[in-house]
Structures are given as structure tokens and as C-alpha cells.
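Copied over from TrEMBL:
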type    : residues                     : note
SIGNAL  : A:1-23                       : signal peptide
DOMAIN  : A:28-131                     : domain 'Cytochrome c'
BINDING : A:Cys42, A:Cys45, A:His46    : heme c 1 binding site
DOMAIN  : A:173-281                    : domain 'Cytochrome c'
BINDING : A:Cys188, A:Cys191, A:His192 : heme c 2 binding site
DOMAIN  : A:300-390                    : domain 'Cytochrome c'
BINDING : A:Cys313, A:Cys316, A:His317 : heme c 3 binding site
Amino acid sequence: MRSATPFLIAGLLVATSAGLVFADGDHAQIERGRYLVSAGDCYACHTADPSKPFAGGRPLQTPFGAIYSANITPDRQTGIGAWSDDDFYRAMHEGVSANGERLYPAFPYPYYTHVTRGDVLAIRAYLQTLEPIANAPPRNKLPFPLSERAVMRPWNWMFFDDGAFHPDPSKSASWNRGAYLVEGLGHCGACHTPKNVLGADMDDKALAGGTIENWFAPNLGADLRTGLGGWSEADVIDYLKTGRNSHDSATGPMSEVIQYSTSQLNDEDLHAVAAYLKDLPGEAGRVPSSASGQQTSSSGLSGSGEAIFLDQCSTCHRSNGEGTPTVFPPLKGNANVQQADATTVIRVILQGARTTPTDARPTPFSMPAFDWKLSDAQIAAVATYVRTAWGNVAESVSADDVGKLRRTLHAKAE
Amino acid sequence: MEKIALSRRQILAGGAAAAVVATERPASAHSIKGEVPWAPSQADAPHAIDPGGYIFFTPQEAALIEAAVARLIPADDLGPGAKELGVPTFLDRQLAGEYGRAERWYMLGPWRQGSDNQGYQSRLTPAQLYRYAIKQLDAHVSSIKDGRRFANLATEDQDALLSDLEAGKVDLGGVSGKAFFDLLLQNTIEGFFADPIYGGNRNMEAWRMIGFPGARYDYRDFVAKHGERFPLPPVGLQGRPAWSSKG
């Protein structure tokens, strides 16, 4: 009790200063903040232990090392309870902590910089209502010199443009709302935009698909084969709201995004996001790239690939690759299957996958793992088969690709 | 005639061994609340037998078992027999494992004569029963065939002996010859048709013989193809040769 008393007093002081009884305006602001916190999917990264929501400490695996998320509860010592509104706005807007330290862009301030001050303060108001939890995240595991936060100064100079979102007057209000959500709080590009060697977005390939934590976040451009070209706006909305549509089911990191963020968006915002995404350019509208879009004829492995598919996969995905839409994803025409980078296909065959439960579709379906059963060569063969059968077009997968990912995932699990 | 004499100490020792094995495994039953649990790379994978020589059978026991299963399912013009397809190895691994130890069965008294439809009634575990019955059978053969062993008899004589066992004409030192015959026949059929992962049914030959397509669970593509032959070859838990083919 001796040590708890100061905490209690501190808690009371915070509560008093925030106003124990909220005026109507405060309540509306806090509720808006709650909604925006969902839109930003803050929970997913800032929660390591579900019993300590928003208390941080979740390791984010970057190519440079593990970065631990911050405690954003109002705890004054370990959280952000002692921050001023201006401190919080500066962190969101410029990536600078209250103590002046540079934050790493694993905290997606290059996106959050587009969020309006009003929205930032609403988020702040909501976070202040959370239960303060004392939890100091572990030290980041970054090699020198990246461990020095000062390295973010030149990085920011090269890659970071702070600034408010500027609406495009030639587009609809809904499109602009979608752009604001996608490019701002939604920070979709954090996964879906490829990164340069310094971990910054390649702006000429915005949302064209990126590698993250041994997954490949697919292309969101207008490409028919690899992007959202074959999806209607309603398909995009279904996917974001329920986790599934007739083309595919979400799994991997997108599960969390749907569970904590997009399934919580209102229909108006979902329409806006869909309108903006469906207006993105495809490969043809971007700078031409020599690496992608290459067709490779099916390799000699596809004989065994077809045999494995018929024996192991066709019960759910059907021998014609059409699956059972919204239950078992079709592989024919599936964009995830045909990405230039086959990481996701290989990973799902190795480890299995589970769809995300949402209010609209509460029962998740799972695909079994095959890593105990199929060799690297066999997984390469069946991955190549699904990438080239039924009119699908993508490069073949080698046993080497499978072996590398198998070893990486195995090492990660230990 | 040797009488079967299981002492209380042996039964207790057997029970203690079973208890030790049981504590090594996590409890198999547990309740699930909320979300159905799922984790990447989780699989209830079947355990393939270790290839190689016998673990349970001594060379003499193996000789009798090989000879006996070769008479129960002999090689003929339809295809290879139980011996060729690895049934002795299947039996060996089963008897060396939890089946042999009767791990999942109630094995305490009362010891009354059960009826046929009441299942396994012996107070011996299958491993103990095989070991004891094989020894008794060879002793029986030796006494009526000038010291020869079952494995060295002509096939006609082996058939005659097996028929006598089946007809209940041979007592194996307190164990019913028919009980042993029935168990051996049942286990031989199991080994002959079980998935090759367990040691028998090598290369799925037994399945090929009867046209069983193996571990498949979806035939919707073929439902409407009346009168046509199912085109796919059998597949086992470890796949089929085409999974590793090039081309």
C-alpha cells in the first residue's frame, strides 16, 4: 500500500485535471477519438498483452531489428500521461517524442503527419480516458548506429515530408475522405508500399505491394491480375468490413487490421476508402518496372504440383481452382497467389492460415499446415502450380525459396 | 504344459509402467472457451514408424510370424502377400507401442469368461499374448513334429496347424489357440490395408489390388461420371510417387 498511495493521488490529479464530469463537447470529442484510434489501428501495435491494452511493448520486427511499441496509456511515468497536447501533436506530426528524442518510423508518423490537429487532439482525448498502466517497453534491438535516435534527423531530411493533407478539388468529397484515411491514420502504405534500403516508402510505387515480417502485403493498384482491378467497390468494402469477399479471405497481419480497425469503420468511411483505392493507378499508370509482370511458363515441377494439388488442396479450393467463395478462397484469379513476390503463398502452404473473425462473420475458417508433410520441392511444385494454373500467371517458386522461408519462420518460432 | 501364471506383482508392475507412460503425455481432453484456438504450423501429425529391423520380435518369433502371415494372406497371381507388404514390421511396431501395451484398454479384473461380442478379454496385453502364444505354439509344433519349428514346416503343415488353431483344437498353455489365431488374423488384415506410414501395405499395393483410392475425401468431380473408372491412383498419408515426379 505504501507504494500505491502516490499512484492513487497521481491518478486522482489526472482525473481531476481531465475533468471528472465530461461536458457534452468532451464526450463527442472522446467518442470521435475512440473511432479514430480504431481507424489508426493503434491497438494492434501498442498492445503486447491483451490484459494491458495500449500499454506497448510489442516488438515490431523491422529489417533493421526489433523496435518496441510505446506505452500510450495515461500512466505518467511509463506512458504519455505527462505529455501536453502539443507534445502529442508533435509526436504524431513530426515523429518527435515529448523529451525531444526522434521516434523511429515503425511508428508511422510519415502517415500520421497528414492527420488534422482536431483529429489528433480527439485521439489524445480518448487515450487520456484509458486506464493508466505502468509498463516500460524493453529496449529496442537495433545495431549501432541505428540505435542512436539522432540518425533519424538525416532520414527525415531525405524521406519525411511533414504536412497536412491537401484535398484534391477535382475529386469527390468521399474520394478525399478515403485518401485522408488511407494515406493518414490508416497508414496502409506502411505494409503495402515497397521500401527502399533505408526503410522509406518508394513513392513511385505507392501501395504496389511490400514485404513485411515475412509476409507479402499485396498490390492495391488497379492491376487485374495482382491488384484490386478485378474487385468492385462493394468487394473492397466487404473485405474490409467482414474479412472476406467472393475473391479472397484475409489472413496474416491483415487479420489484425480488419479485426481492430477496418471492421470498426462506419459504412460512409468504408465507401470512401473503397472509392480511393479503386482509383489508384495500376502498373501501367506507374513508372514501368522491369521486374514485375513477367510471365514465366510453368516449370517442369508442375506435374508433381498438380498431383499434390489434386490430393491435398482440391477438396476446399476445388480442382478448377474456384473454391467456395466467402468460405474457401478461390485460387483462380486470386491476386495474393499471383504477386511478383511469392512469400505469402509459400508461407500459407507451410504454416496454414486462419481467416479473421468479425462481427459480420464470426466463425473463422482455417487451412491446415503442410510443413510437417511436404518437402521444400513439393511445396515449390504446388505453389508454382497454383500460380500458373487456370489462367493464373506468375513466376515459378523454387525449392530454395521455400527452404529459406521455412528456416526463417522456424528460427522465429524458437 | 506351462500354465499361465501372472502374479499380482506383474500386474502391479504393468500398471505402474502404464501410469508412467500416461504422465509423460499431456492430458488429451480439455475444454475450449471463446475462440477456437489456432496457431501457425500446428498439426496433429501421424507418427511414421522407424524403418529397419525388428524392435519387438526376437529372430525366432519373427520367423514364426513371417511364416504365419505368409499363409494367412499368401502371395498369389492377384499380387504380393502379407509378408511381402511388410505386415510383420507393422505387427512388430504395434506390439512395441501403445497397442502392444494395451494402453487405451481397461486391463484390470474381474476375469470372467466374456462372450465374442465383448471384445478383447485376455488379462494379457497384446504384446504379452503374442510373446507367450508364439513360444507355446513353437513348443507345440516341436512336440508333434520331431523338434522342428513352425517356420520350418511345409506350407501344407503350417496351414493344417493354423486351421487347428482357428478351430479351437490347440491349447497354448492356458491361452486359447483360437483367441491367438483371431487376433493374429485381425492384426494381419489391419497391417495389410493400413496406411503405409505404419509399416505394412508397402507402396499401397494392397489398396491398388482392391481399387481403394486411399486417403481422399472429396469425389464431387466424379459424382456425375457414372460407369467410369475413378482415374486417380491411391494416395497415402505420405503422398504418392507422383508428388515427387519431375514433369
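Placement of Cβ uses the backbone N, Cα and C atoms for every residue, glycine included.
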Spacing of the two Cα atoms, A:Cys316 (heme c 3 binding site) and A:Cys188 (heme c 2 binding site), in whole angstrom, works out to 30
Output, ordered by sequence, the same-chain residues six or more apart from A:His317 (heme c 3 binding site) with a CB under 8 Å from its CB, or 'none'.
-> A:Phe309, A:Gly323, A:Phe328, A:Pro329, A:Pro330, A:Leu331, A:Val386
Other residues, Cβ within 8 Å of A:Cys42, A:Cys45, A:His46 Cβ centroid (heme c 1 site) | A:Gly40, A:Asp41, A:Tyr43, A:Ala44, A:Thr47, A:Phe54, A:Gly56, A:Arg58, A:Ser69, A:Ile72
How many other Cβ atoms are found within 10 Å of the Cβ atom of A:Cys42 (heme c 1 binding site), counting all protein chains shown?
-> 21
Per DSSP, how many helix, strand and coil residues does the domain 'Cytochrome c' (A:28-131) have?
-> 43 helix, 12 strand, 49 coil
Taking all protein chains shown into account, the Cβ-based neighbour count within 10 Å for A:Cys45 (heme c 1 binding site) is 24
Could you tally the C-beta atoms, other than its own, that fall within 10 angstroms of the C-beta of A:Cys316 (heme c 3 binding site)?
-> 16
How many whole Å apart are the CA atoms of A:His192 (heme c 2 binding site) and A:Cys45 (heme c 1 binding site)?
-> 17
Cβ neighbours of A:Cys188 (heme c 2 binding site) where a neighbour is any other Cβ within 10 Å | 24
Could you tally the C-beta atoms, other than its own, that fall within 10 angstroms of the C-beta of A:His192 (heme c 2 binding site)?
-> 24
Nearest recorded site to A:Cys188 (heme c 2 binding site) by CA-CA distance, among binding-site residues A:Cys42, A:His46, A:Cys313 | A:Cys42
A:Cys313 (heme c 3 binding site) versus A:His46 (heme c 1 binding site) - Cα distance in angstrom = 37
